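Data first, discussion second: the structure below is written as structure tokens.
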């Protein structure tokens, strides 16, 4: 009996301790579940925060915020950086729950329009005059929704460029194509030599967009997609879209992408590798792959084998100087931030964002800044020839079309990627594509 | 416990006031389940109710959800992409089961033998279980790369297929990789099951003149009946949640060729930001998973769990 009672007492003590222990374990979980986490680790109110992406212009942001924090220790920014996909999922949840950092990093387009519609971001019109005067105008306009400025550029324009393997072009004895006929001719020549004409990372899906974006723009001009982005009924039925899709299938049939592009992935630069291992002759990709060539294949790159040119003129009504890609990344200010936080963010944007120092840092990191008057800086850079080319391409472009998956609403963008994959795999006809995409217009 | 009572006599024993104390002494109190229940409630039941509620709303992750009635449910059951995803999930369940079950049973029976070399093989077969799904996915993706993968390394042009990019082929490639990664686990279950069978039964079978095949079908298979049920339940219910491998290897593509239901839920919710339909799909997955495991248990009579040893 005695033993039994003793056991009970100690069992109860243990039990009570366990309850306390588990309560202690659960409590922070419950609290953090309710709180949704503090933005950017900014615990006390009045501390502004900013999230941005790892890689690319990360060191430029690091340096820029460090400079601000040194000058304003009382209003220092708490910063945090994330990988691309992780960031995109996290930021939407944070904005949706009113827990976003003060500065919201975006690609503008459909996402920014959603933020604006929900009143999540601040109207910046007239609040950052100094920044407005130094940013490239064509890039700045991407941050506007219905003529109101809600986002400002913070790094480099990323146009899509046609990269060429000059070694292979020399071997086969052809020139980079400038028209549609030349393109088909070049494809045929490389095909015959057992070289993949165009390296294409179709498994990653988004590289497919560059083809339809350029073809549509060259054939019908930017108005075609403007109508789509404005959700005009049956906007996808524009003949320019159908013609672009037919041209894509013409390329596929001609073997322009080889026969196993469906397994090529862009994340690990497999499409870049096809070019610098001399398996493929050309690559239509964003300007951001240029440094990848230099780091992945320094010998090949050092021999001057990498060429670059504009997307061919396919003989439509679009200006062949138009470009597609990402005009830049952008900062918006969260409307859920306190007044002091918003004020700090506005001052940061006007004085520090894309200022002289940040512009120089961008160039030093091999990127073209989204600012005016950077010619001299670019001329002194290591890769000045390429950087100047890309810079002029952006400055001279009558239209810079934002990547369609960013410009459209998220659900439309996903359907577009799926349908486009069908076009490249020849499992979807242009008509089916047009019908499916028209159905996404609300 | 009895030893602690002699070493801790500091406090006088309290008299028993009710039957509670004696019950606790007999075994662990039901209250010991409380932390587990709290966690289960907090992290399983509450979110589940939340998802069920979300499935009745329109919500894109921004702003606040608005009530939508049963609209999402009709969307889900009429949307060709989701219907295709249901079909693919069913096909995936059946195919992976058909591939995995026989291979696992045969491997498990083989590994239960007593020769030393079998231990070496067992270790080899066990290897896939040590890798995370993400690692397996990335490794296979690299191996199957048509330009820089196996075909290039071994100069084997016949291996140069568009394994993950061909809509006809990719589904079977996934069935293979999934089976490859899960067979070791189920073999392990069968190995344990077979080792439980008394040697006397095999001796009796031998005396009766039964051959290898006859012994397998008349002794081994009936004796591991419950292992088959357990393993089948895990395989079938598990196939409803295949996500990581498929996500890493194809992300549902090309087109919708490998967009199985869990992936459809994820892509609808976190890529298209349509939380309502995504929640409806999640509820469907929970309900189907529950029904399947209940049916399997009922159908097999495993709830009785009588001994298999007697009357052999």
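Cβ atoms are placed via backbone N, Cα and C, with glycine included.
What TrEMBL records for B:1-23 is region 'Disordered'. Taken from TrEMBL, the feature transmembrane segment covers B:30-56, B:85-111, B:123-144, B:169-190, B:234-255, B:275-296. Under the heading domain 'ABC transmembrane type-1', TrEMBL lists B:86-296.
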> What stretch, picked from B:123-144, B:234-255, B:275-296, has the most CB pairs under 8 A with the transmembrane segment (B:30-56)?
Replying inline: B:275-296
> Which residues of the same chain, at least 6 past either end of the transmembrane segment (B:234-255), have a Cβ under 8 Å from a Cβ in it?
Replying inline: 89, 92-93, 96-97, 100-101, 133-134, 136-138, 140-141, 164-167, 170, 173-174, 177-178, 181-182, 186, 261-264, 266-267, 285, 288-289, 292-293, 296
> Who are the long-range neighbours of the transmembrane segment (B:169-190) in its own chain, taking Cβ under 8 Å and residues 6 or more past its ends?
Replying inline: 88, 91-92, 95-96, 99-101, 103-105, 107-109, 111-112, 125-129, 131, 133, 136-137, 140, 144, 161-163, 224, 227, 230-231, 234-235, 238-239, 242, 245-246, 249-250, 253-254, 257-258
